[in-house]
Amino acid sequence: MTGDRRDEYYWKAKKEQLRSRAAFKLEFLLDRYRVVRKGDAVIEIGSSPGGWTQVLNSLARKIISIDLQEMEEIAGVRFIRCDIFKETIFDDIDRALREEGIEKVDDVVSDAMAKVSGIPSRDHAVSYQIGQRVMEIAVRYLRNGGNVLLKQFQGDMTNDFIAIWRKNFSSYKISKPPASRGSSSEIYIMFFGFKAP
């Protein structure tokens with residue numbers, strides 16, 4: 001094993017023909033926490049280049065993937081290129097669900113993140129804003145009992161973020177997968193058992 005995890009997981013992804021090393025983070029989280037189960041319908045936010053999508057595609061019955069950047073096609077995956085902060089995102093998701101014959105989804109997962117600035121407080125604040133938007137989308141489209149998985153840079157607003165949203169769910173977990181760099185403040189927050197209004 002090299003001293004740099006980025007090298008280890010980069011080459012492992014290449015060997016296994018995965019589009020990004022982030023795939024191993026999701027594999028770890030799914031194996032340990034079962035956030036997504038076989039046959040689930042999933043909305044994936046921040047999908048490009050498709051590492052998570054490849055992993056999800058072996059498990060989910062239907063995936064609607066969303067990203068601001070283009071993503072090379074993956075068979076069986078519905079891709080929406082859109083900024084999640086634009087109000088048109090709801091029309092786009094509504095249309096995709098309707099055309100796929102889905103009323104509500106089982107899970108919403110997100111690896112979305114803006115380009116890192118290198119200033120921890122700024123990166124945390126941006127990740128908080130993205131997380132808020134992911135949760136707004138999640139509570140709109142999740143079925144009763146559904147789950148959420150999202151990335152955030154840990155910081156002084158993390159506890160507030162969890163406090164805001166945990167009341168809508170039965171439980172939550174926080175994890176940092178082995179494929180995450182040790183020096184990174186990156187964490188993954190999972191909410192389980194959505195309590196539909």
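Glycine is treated like the rest: Cβ placed from N, Cα and C.
Same-site candidate for S-adenosyl-L-methionine binding, as annotated by Swiss-Prot with GLY50, TRP52, ASP67, ASP111, chosen from ASP31, ASP83, ASP94: ASP83. Every protein chain shown contributes to the tally, and the Cβ of GLY50 (S-adenosyl-L-methionine binding site) ends up with 24 other Cβ atoms within 10 Å.
Relative to LYS151 (active site, proton acceptor), the binding-site residues with Cα atoms inside 10 Å are ASP111, the candidates having been GLY50, TRP52, ASP67, ASP83, ASP111. Residues near ASP67 (S-adenosyl-L-methionine binding site) in space but far in sequence (CB under 8 A, at least 6 apart, same chain), listed by position: ILE45, GLY46, SER47, SER48, PHE79, ARG81, ALA112. The secondary structure of ASP67 (S-adenosyl-L-methionine binding site), as reduced to three states from DSSP, is extended strand.
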